[in-house]
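Q: Submitted below is the structure of interest, expressed as structure tokens.
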Ligand SMILES: *Cc1c(COP(=O)(O)O)cnc(C)c1O
């Protein structure tokens, strides 16, 4: 019996990419595949995003895994590179790199290369994580234009910290400032992550960088993917492995954190934090069995979760499927019940979970 399984709907993936392109019809798409394609499986996801113009990852190892899997599209490294010796790896594998600080630019200039590398110059317009200050743009740009190690086109990019909140006008301010700053540079611009694409039309520009939304999930506050016409790609399921009765007043699970107020039945389901399900999912977090929602009770343990199924009357049986999140139960909703964001739930899926790809 197959227990914890992540069903990955590849037709939903293609559908979401199409939907993304419809929302930003004049932009090229850099599909973001970091963290194992947000837990969906790096190479398989890349192989099914035929219509993306490029891919982005965070680490060189992720980019090398894509090449090893036969992926030939351009790959952009969102954090750039870290050592002088990395530069020749970038060239050999046709990787493109972010340049976000003096250190990286210096290493690029000093490298002995037979051919140039494509660069994306990252400007910090308010995230204060990576990126050069707006006042440094001109100097960095001139140096990239001058070095023979950088290709002539220098893409200009920035990133949003607050685009998930359409009421926060910092994003509009960032867009204005970045456009103003780059006005006299005749280069391609790239601003929008998923939240930019969904919430801020002015941010679309030449390139977009969708991550979460191509997996059918919404980054926007209080929204689910369906609100934007997206379809959830992952369905995380498992099975009921036991059913038992408990009496009113009995405690359930580690720490006896939940006490039943009535005689009831529990379904024990084979899923826990060892599979990546959040241990902090609170009492009442829904799961779906036979089309109905039931709440979890007690602590999530490593391998199992207890679900209160009430009177049951033989409706639910050992071996029944349980959806932990998916089309019937948005991962956004489960994330809210665990005080986290859907990004974290998706990329926390552990290697114990089997993947099943459906077309
Ligand atoms: C992760 C990431 C993205 C994609 O973000 P989503 O919110 O998943 O769309 C885009 N740009 C950068 C720089 C990132 O790190």
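Every residue, even glycine, has its Cβ placed from backbone N, Cα and C.
Please treat TrEMBL annotations as automatic predictions, because they have not gone through curation.
Feature annotation from TrEMBL assigns active site, proton acceptor to 34, 254. Residues or ranges marked as N6-(pyridoxal phosphate)lysine by TrEMBL: 34. According to TrEMBL, the substrate binding site annotation covers 129, 302. What TrEMBL records for 233-358 is domain 'Alanine racemase C-terminal'.
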Q: Take the domain 'Alanine racemase C-terminal' (233-358) and count its residues per DSSP category (helix H/G/I, strand E/B, coil), listing them in that order.
A: 16 helix, 49 strand, 61 coil
Q: Would you mind reading off the Cα separation of residue 34 (active site, proton acceptor) from residue 129 (substrate binding site), to the nearest angstrom?
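A: Here the two Cα atoms lie 17 Å apart.
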Q: Tell me the Cβ neighbour count for residue 254 (active site, proton acceptor), meaning other Cβ atoms within 10 Å of its Cβ, over all protein chains shown.
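A: There are 10 of them.
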Q: For 34, 129, listed as recorded positions, tell me which one has the smallest number of other Cβ atoms within 10 Å.
A: 129
Q: Kindly assign residue 34 (active site, proton acceptor) to one of the three DSSP-derived states: helix, strand or coil.
A: helix
Q: Please report the distance from the Cα of residue 302 (substrate binding site) to the Cα of residue 254 (active site, proton acceptor), rounded to the nearest angstrom.
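A: Distance between the two Cα atoms comes out at 11 Å.
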Q: What number of additional C-beta atoms lies within 10 angstroms of the C-beta atom of residue 302 (substrate binding site)?
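A: Its Cβ shell of radius 10 Å holds 12 other Cβ atoms.
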Q: Quick one: Cα separation, residue 129 (substrate binding site) versus residue 254 (active site, proton acceptor), in Å?
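A: Checking the Cα atoms of residue 129 (substrate binding site) and residue 254 (active site, proton acceptor) gives a distance of 39 Å.
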Q: With DSSP assignments reduced to helix, strand and coil, which class does residue 129 (substrate binding site) get?
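A: Its secondary structure by DSSP: coil.
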Q: In this predicted model, what is the average pLDDT of the domain 'Alanine racemase C-terminal' (233-358)?
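A: Averaged over the domain 'Alanine racemase C-terminal' (233-358), per-residue pLDDT gives 97.
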